[in-house]
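Listed in Swiss-Prot:
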| type | residues | note |
| --- | --- | --- |
| REGION | 1-579 | region 'Interaction with ZNF318' |
| REGION | 1-550 | region 'Modulating' |
| REGION | 35-156 | region 'Disordered' |
| REGION | 204-236 | region 'Disordered' |
| REGION | 375-394 | region 'Disordered' |
| COMPBIAS | 379-388 | compositional bias 'Pro residues' |
| CROSSLNK | 394 | SUMO cross-link |
| REGION | 452-490 | region 'Disordered' |
| CROSSLNK | 513 | SUMO cross-link |
| REGION | 544-911 | region 'Interaction with LPXN' |
| ZN_FING | 552-572 | zinc finger |
| REGION | 564-654 | region 'Interaction with HIPK3' |
| REGION | 584-911 | region 'Interaction with CCAR1' |
| ZN_FING | 588-612 | zinc finger |
| REGION | 617-911 | region 'Interaction with KAT7' |
| DOMAIN | 661-892 | domain 'NR LBD' |
| CROSSLNK | 838 | ubiquitin cross-link |
| CROSSLNK | 840 | ubiquitin cross-link |
């Protein structure tokens, strides 16, 4: 049996009509103890409820309305023998409402033995409630009692016999000022809330007007505001003044009793502030925008048997961990402004718990619902199906919580996303929120790919009770039945703003790579994560692989063109003309090694002029260009039928290949674009082993491949090839180019006695045997010795290396095979002209050309053997612990088998 505790006594639960709050019970008990300090009658103590004495007082008030107040009776009858009480004093006791306080002799008449009022048996049988009487105007003696407290008599009879000290404390000016300030703040808060509601309703009305034909408009179903159960709790029919309500709230909160915290609100405000309690106070709740959040936060005010339900127990971990401190004002919910209408979701922009940013952008996307979330919103549906297509989506940032957030988020993140997907809300019979999820998904890629982004992939179709597997932060393929149309989902930029969740930078799953290779260090940008592909589906723009070469070879500034035989800027062009034609002698103040760049090119003219000569700038190249232009003009005047396009082509061709004497312009370009020295990063302090040597060679190969790409894209005419042909030529010829360049380095640095792969990786006889590729190393050393035997010049080496790039093609041909053949023929002619520059005898030129072409043919068998060796090593790399960089492994596994199978063959100058 539930009982009420008073001061010194235990009372049974009062009837429903006399059921009072904690505030009223407290002062009722205080009043009874003060007025009757003596022992009570046992029968009255056991049977009389706390409100019986109050009802007896009202009965006496109706019978003795004509009598004077108790204080005046005490003052006028001092000679009756009864002890006279002082009027004021620290220990004296007075009633709050003196007009309704019965006199002592009247109470003595009713029960002379015990001094207690009789039990209200007659009134309870007749059904008469507490009859309210209008208070009489107070006398002059009662002027100290404030008028506000005198109004509490009819409504709160329990306060009518409060002590003088308590009365004085409650009537202090500071307390009244505090109540007034609270009332003002409350009114200001209500005004701000009303303004926010009006603004949000206007935005929703604008969105509904612009929506597609009104088909996707938000239908708002009219429903009455829920009636709070606290009205019946306080008596229902009683009308409580504002001051009394505030006083009750202030005292109750100060005493830790939060039962009356929401009584001062209007019915509409009670819906907003108390919506978290509505579904559990009995009966099916009305349509409330905050109803789905009921199981997630708050406690139940009802003390009935429904307090310990499964729903409340299910979400108890989340209530204590996340929803602590939330009150009615912190919720992003408000009542609807429509008459009798249900409240719709209103999310202020200042709340961090709910989505607010994308709602401000809704004006640009009125036809859809945009809710920015990072994880799938999973959980049980609300008790009644919501008529609003976009209500109750709650947001949490997974980065703001600890490891326990994932379990809690699955319980409290759920919503009705019917407008985002064609259906698919979890059925009402689903179990825990973690086991069910909404099938509302959005596609990150195209509808054909069907790749989904999210923590779990749900099954489509919108069936009820379908269970899905939850995979946090996973990338899963869709199951059968889930199809994405282009117009069903918003663009990815709306779902994923800057900095929230990063997008997958690959157009398809086949392009995903596990790491970034060192070869991409010089290619940071939007295409930095891509690799070379064989098909056109994933081909990048040509400017990525082969951007134009526009850097001055002297100072590094932006080049304006080819001046005096070199690619230079306008400043270096003018400087070289004046310095070369002038008779002034320049002397460097330092050691002839000054730095010449864009900002310090004018500091040392001697070093700048020396660098111009090293780049190949000559005054004779200017004269040759003028002669070529004059010859073009004469040919243009002779033939009038030539089109302007053909004239431009002839002009470029003649200026490029006509009349070389000792320093052709073509060689200047080849010298300028020649790669520098690349190190392998090998640790020579460690003992040589097969795995260490081969791993260092693979790392060196990837680093050199970066320079090969940069060198090839700077070759004249190479960028005019088809983009597929460019990639194919590089992927097929990279091994021959590296072997040829390594042979030249071995010849120039160590006189072909060892293999000079890199400054930190030089192979001697011991390392050749240790690497298990001794036969290949011997052939490469023989190639290096050929450079010395044939006395190959640097100019011949540069031209032969460029020609070697165009010496291997697929058997089926390239995309633009005709242009490739023309470009290859031009480089062959350039090699022939370089040979003819230093040899006047035609027979000697032909013999030299034969020797150089035989040397080029000898590179192809060596490259083939190395292709076979690297392919076998890649297959056994896990067994022998040899590391292969990612790009090297890709090219060897994809392109090398084409060469070994005969689909790609080299082009030989001589019959093999």
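Including glycine, each Cβ sits where the backbone N, Cα and C put it.
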Per DSSP, the zinc finger (588-612) contains 8 helix, 0 strand, 17 coil
Least crowded of the recorded sites 838, 840, counting other Cβ atoms within 10 Å of each Cβ, is 840
Secondary structure of the zinc finger (552-572) by DSSP, residue by residue, totals 3 helix, 7 strand, 11 coil
Taken over the region 'Modulating' (1-550), the predicted model's pLDDT averages 47
